[in-house]
Ligand SMILES: C[S@@+](CC[C@H](N)C(=O)[O-])C[C@H]1O[C@@H](n2cnc3c(N)ncnc32)[C@H](O)[C@@H]1O
């Protein structure tokens, strides 16, 4: 098979079997794993007619040297991004999108996807040419969420943000230098939360496209939070406000 990926870790492999768009075509289990989770993978794979091969742990290390694979690997077609047309749906009040303007570290991207799923985000948007992608490390860090959260890669992020505004979203950018706190703004209705990259933050055009910029209040001397932590704080403030509004 030409374009395939090797993913590892029990959450990621189980999610690929249970929820993945494309099923694995082969699974490697370390001969050191005979526990409940290994049995679960084997049973599910059998149900889906995916072959499972028992291999020495060093074979798995060689196959995926960069991964902490926990003794399980799955070979599967590369995860495809969704097309931009997936954004062309009505901006109903429940819709919530997360934009990551060029997150480079696959661990951070994976952690953001994990939080995005947990917070009920409808899709994560990334710029096609300047972002970490859905690598094995991303998928491992996402603990299965990378198989379930739609990820849309766009060619021109500033243009996409303008389109989202036309569709009726309110765009909130997270920027440490803003004077407005996330706890003083309204996150109900159709929202897009926009996060910057690890080093440089948001690009100028991205920032200018936002309707407002907000900050997460911080004490002490640290200049900023990790992008996945900042995403989690802000997404959950939005979740809190939105559930509070529903209860009224
Ligand atoms: C590691 S920070 C980047 C710091 C970068 N020097 C900057 O100026 O944005 C990555 C992203 O997380 C978000 N972030 C981190 N800490 C934040 C805070 N206290 N308030 C708002 N956003 C924050 C921002 O979106 C930021 O671009």
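Every residue, even glycine, has its Cβ placed from backbone N, Cα and C.
What TrEMBL says about this one:
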type: DOMAIN; residues: 6-82; note: domain 'RNA 2-O ribose methyltransferase substrate binding'
type: BINDING; residues: 196, 216, 225; note: S-adenosyl-L-methionine binding site
Same-chain neighbours of the S-adenosyl-L-methionine site, Cβ within 8 Å of the mean position of the Cβ atoms of 196, 216, 225 and not counting those residues, run in sequence order as 174, 175, 176, 195, 215, 224, 226, 227, 229, 230, 233, 234
The domain 'RNA 2-O ribose methyltransferase substrate binding' (6-82) resolves under DSSP into 29 helix, 19 strand, 29 coil
